[in-house]
Structure formats: structure tokens, C-alpha cells
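Quick look at what Swiss-Prot annotates:
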SIGNAL    1-21  signal peptide
CARBOHYD  Asn17  N-linked glycosylation site
CARBOHYD  Asn61  N-linked glycosylation site
CARBOHYD  Asn87  N-linked glycosylation site
CARBOHYD  Asn117  N-linked glycosylation site
CARBOHYD  Asn140  N-linked glycosylation site
Amino acid sequence: MIIKILLLIISISLFLNISIGIDENQIWKSCGTPQDIFHINSIVVKPTPPVKGKLVKVNVNGTFIKDVVAGEAKIIAKYNNIMTLYNETNDLCSPTAQAIIGNCPFKKGPTYLHSANFTIPASAPNGYYSGNILLTDNFNNTITCINVAFNLQ
């Protein structure tokens, strides 16, 4: 169950390409470059950081600089920097991925909008959660790269 929760938290952030530090109020950090295919215009995450038993709302608005018709999503998720909860590479346009990140293919230009709402179960263990998402297109160009980290209390 906790793996599914963490994957949902990380997956809804797949297209966040922002350069901010990671602290208790800023849980996302770009590990990409200005050449990435997706650029974020705005993001709203409430509450930040996520809270057990509470609804988490994420809204993302961004721009693709070119079409993306296929690719891969490599996702690594860890608990307390010790236990690997998830380490897989998935088809970016699979039904599972589309349910989380939106319909594939993605078209060039503004505006890509994605909204997700979910609740973290009150039974989720306290601790430090971290992850890395690297999205690439079918030519192995980076769509975006994201690090996520937060303490769940």
C-alpha cells in the first residue's frame, strides 16, 4: 500500500521541471536542463508537504517544446534513504501511466494542464520519502528529470 501511495505522489509530479530547493515547503527539484522537452509554467501543491489522512491536490501547467509520441518513465522511490520501494522503467504511454500523467501523445505548445487529487492513508508510516523520475522520449531525449523528497508525519 505504501508503495502505491509513494508512486502516486511521485508520478503526479512527472512533469514538474522547476529549479527550487528541497525543504519542508518545497518538495520538488529539477534534475534536468533547459534543453528538456517539458517546461513548467506553474504548479500548486496543497498541502505541502503532504499530510497523512488529508486530501492532496496537485495542479500542473506547462509547455512542451515538441511533440512526444512515445518514451519511457524510469522511477525510483525510497523510504528513509535505505529501503528501495520501487525501481522500474515503464512505457510512458501505457494505460497505467496515462491514468496518472494524462493522455499520450503530448502535443507541442502550451498549455498542458494536469490535475490530480488523492488522500494519503492515515496508516502510512512516518519517515523520509524520496524519489527520482527520469522521462525520456522515443529518441532518448530528456522530457524532464525530477527529484522529490519530503517527510511524512
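Yeah, the Cβs are placed from backbone N, Cα and C, and that goes for glycine too.
Annotation note: Asn140 (N-linked glycosylation site) sits in a coil segment as assigned by DSSP. Taking every protein chain shown into account, Asn87, Asn140 are the glycosylation sites, and of these the Cβ with the most other Cβ atoms within 10 Å belongs to Asn87.
If you compare Cα positions, Asn87 (N-linked glycosylation site) sits closest to Asn140 out of the glycosylation sites Asn61, Asn117, Asn140. Local packing around the glycosylation sites Asn61, Asn117 was summarised as the count of other Cβ atoms within 10 Å of each Cβ; on this measure the leading residue is Asn61. Between the alpha carbons (Cα) of Asn140 (N-linked glycosylation site) and Asn61 (N-linked glycosylation site) lies a span of roughly 24 Å.
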